[in-house]
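Asks: Take this structure first; my questions come after.
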């Protein structure tokens, strides 16, 4: 019998309601909404950021490109929450950003899951029913089976028989045998609104029978043999109910179920009849008819290999699907979820076709049969598709990935028909010489967590689930209901042995019996990364360490510490060998992931424990030693030996205290004080773990199988191989531990810094040093402290650890793991007895169990989650994110409007400057007299003032655009950058003032042959250099009034400046120009 158990059947019972429930809960499937045509645009948005998108940037990009009604605020909020969850799901490593490679890899991984057997909710195996047998005699082979779900009837039609038999579908009990027609019965259909069963025959009649007592109600004559029939109740406005029949004349007839009269044939015309002038229709006998109510579409298949789609309201043709080479006589519709809706067809071809009704091409072929198929069926509410051929080969497919999950060979020479039932058992019933029943493999005990032992149970506070580890699978359970959510199978070829959560609780690190280590995504079961393999030795324990706490994703945060970058992430593994591997989680090469191999032990390493918020981990070995290792320096320290040199099986840090507990193979529990830094680790106490033996009913010590600590109430939980759980109270022990004066240098400095001023030693009134009395007190305190340190074994006593309670017989076999759920004040246990239970710290009563049975109400699951608080937190986070997005959008809009205004002003200014009339400049100024031209020197060409000014005017527009906003800053104390509009205005003012100044100088020097030539390019460069020095080098200098040179250049007519003052570049390096009194 298969090891797959009732878990999947329970899953599939829920799957049909998953989509509707998710809609009611407001969950959105982002991947379903993702437009493939916009993927290239989205990729560009990722590339522009350079370092990836933060969560607010990611949400903005996705909200822009997702297909939904942007005016629907409620829909936008739901999508925003879904995008936040998606970001956290993809950002498994927690670096706070998402690059395009991560996003695209996530999408690809969803597709790869179609080819991965570890995909969740794996279909269960079928096996022949041991309880249901067909004991009836069949004179001829069974030609066809028809199942009526509402009646739970199975109508059996035998080859060339005028009778039909009615069975109880659940028990195979024969109810009726009806003498129905004069010739062979071909098909049967149930009409629920009239409580009738219709049968068709070779005698050219359709008979209608009362479904309760099979009394004939009406006989309808037909012109041709009707090979198939199908009832349909359409969800259109009038909600008509029809009986469709397909004849050997390739015509489809319509009958009104209320009047049982034919409808749709008027004057010999039938819309389904294919004429030479028509493009659609059938030219051969009809093989099958299928109404798809959700699409108001009628699908017909014929022996001409065509599949036709018709509008349900008008019965006009919609589409024709071509691809089959031979006749088609079986159709079915899969509606497992909106993402998996598809049409399936089968016939004389050896493959079943999968269609999307919106396109004409097939989307997949279900291959694997070597003979013509007899049909294709979908199990309602499940992802299962069944195909069978005439040779008796049956295949079970998963419609989510189109993989063949199981192959069944029915023991018969020729298989003719089969049906599937929608009851709890999901039976498949085959018709050959007799009926063959196949059903799900059911566990004998439905109160189990799995048919195989439960090795670990872990609590995930982020995803609100419990995770159980079994030798061949990992199961995920909803913490709110105790129901099974997902099953991940075939993760490894070897048996799974250990697993541990990462610090962000988004993935699992898993080890197996062959020494393999890999990570699994908890959300979808995808295997993500492998690590260096141990030498074919079973992995005994794993732990995960991050150099700092998991970063919370801040909205728009720029702190490097918040994005998670620069973290050191390590995976520590041990196995049935003496070496402990320290892996680099970020290593890209699995074969070289190990950064360090710790070989301090001399035998098998059994257990690991990480001290939270530190760099230390402890390892316990069969050599009797406990080794403390620093994950950064790899410094190692072996704990002091005790008088009990037995094999160490378990080790645990009592976080947040500086204490460690270990158990050995003889039932002794040892307590140590562990100090950080260079201080020594000290042995404190040993206590025996005792319980009552089942064999002789005597109290004796037993090995401890697992240790767990609850820091909220200082309770230590211990389990044994008898299935008991014992609780010890460590309050007194931990109080004494705090009283010990720690000689750690760093902790001494911290304590001294926190010492109140009134507790400091008294100082002499005339000096700095303490008095002699103070020194004696300090010496005495040190002596007491040292005395305590030397006699710690006497200071700590057995009575410091108080017995609280023992759960006798919590399990029927040895307990493998204890998981503390602090926020609910509960703990969970797993065992070799294949069970997992939940317990309360208040009264130590069972609060529920993780079970396979369908009836979860009997489980009495009592854990309650504060959903409102989680919703409020999610809503607050979303509102905060939306405010950030709105603020950024407003800034973008203002910047765009400013750019448009600047571009408009630049255009207007350029137009005015080009059309402005410029007066001719002469040597005599405004009189207009021409000056004699003087030839330029031959050696060096010198431009005249007029030519120079014309050249500078041509550069005017370019200079305006080259101005740096920081160089025109008029208030350097505030360090505000001018807008582009102010840039252009100030640049224009500067050039106009320089132009006026040039005119003044030229007029004052009109007696000279050549006017003063001002190099405007040099002027502006010198000006820019001056401003750069002020802004960037002296930005911390505080000045009362530090005005730009632009304000120092008042109207040149009101200044008395000697000629030649601006003839050198160095003249402009002085920022402040003294003003003279007005003339």
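From the backbone N, Cα and C atoms, a Cβ is placed for every residue, glycine too.
Below, the features straight out of Swiss-Prot:
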- 91, 93, 95, 97, 102: Ca(2+) binding site (BINDING)
- 1-15: compositional bias 'Basic and acidic residues' (COMPBIAS)
- 16-25: compositional bias 'Polar residues' (COMPBIAS)
- 922-943: compositional bias 'Basic and acidic residues' (COMPBIAS)
- 78-113: domain 'EF-hand' (DOMAIN)
- 1-27: region 'Disordered' (REGION)
- 883-943: region 'Disordered' (REGION)
- 137-177: repeat 'WD 1' (REPEAT)
- 180-219: repeat 'WD 2' (REPEAT)
- 224-265: repeat 'WD 3' (REPEAT)
- 281-320: repeat 'WD 4' (REPEAT)
- 323-365: repeat 'WD 5' (REPEAT)
- 368-407: repeat 'WD 6' (REPEAT)
- 449-487: repeat 'WD 7' (REPEAT)
- 600-639: repeat 'WD 8' (REPEAT)
- 643-682: repeat 'WD 9' (REPEAT)
- 699-738: repeat 'WD 10' (REPEAT)
- 810-849: repeat 'WD 11' (REPEAT)
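Context for these features, please: burial, neighbours, distances.
Replies: Residue 102 (Ca(2+) binding site) is surrounded by 17 other CB atoms, counting those within 10 A of its CB over all protein chains shown. Look at residue 102 (Ca(2+) binding site): DSSP puts it in a helix.
Averaged across the repeat 'WD 1' (137-177), pLDDT for the predicted model comes to 89.
Tertiary neighbourhood of the repeat 'WD 2' (180-219): same-chain residues 144, 146, 148, 150-151, 153, 155, 157, 159-164, 166, 225-231, 233, 241, 243, 245, 255, 257-258, 260, selected by CB-CB distance under 8 Å and a gap of 6+ residues from either end.
Look at the repeat 'WD 3' (224-265): DSSP puts its residues at 0 helix, 23 strand, 19 coil.
The helix, strand and coil residue counts that DSSP assigns across the repeat 'WD 6' (368-407) are 0 helix, 23 strand, 17 coil.
Counting residues 6+ beyond its ends, the repeat 'WD 8' (600-639) has Cβ neighbours under 8 Å at 540-545, 547, 549, 568, 570, 572-580, 582, 645-653, 655-656, 660, 662, 664, 672, 674, 676, 681, 683 in the same chain.
Applying DSSP to the repeat 'WD 9' (643-682) sorts its residues as follows: 0 helix, 19 strand, 21 coil.
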Asks: Below 8 angstroms Cβ to Cβ, which residues of this chain, lying six or more residues outside the repeat 'WD 3' (224-265), approach it?
Replies: 186-194, 198, 200-202, 204, 206, 208, 218, 271-274, 281-291, 293, 296, 298, 300, 302, 304, 312-313, 315, 329
Asks: So if I exclude everything within five residues of the ends of the repeat 'WD 10' (699-738), which remaining residues of that chain have a CB under 8 angstroms from its CBs? That is, six or more out.
Replies: 649-652, 654-659, 661, 663-669, 671, 673, 684-685, 687-693, 795-796, 799-820, 822, 825, 827, 829, 831, 833, 839, 841, 844
Asks: Residue 97 (Ca(2+) binding site) has how many other Cβ neighbours within 10 Å of its own Cβ?
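Replies: Taking every protein chain into account, the count is 19.
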Asks: Just give the helix, strand and coil counts over the repeat 'WD 11' (810-849), going by DSSP.
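Replies: The composition, in the requested order, is 3 helix, 22 strand, 15 coil.
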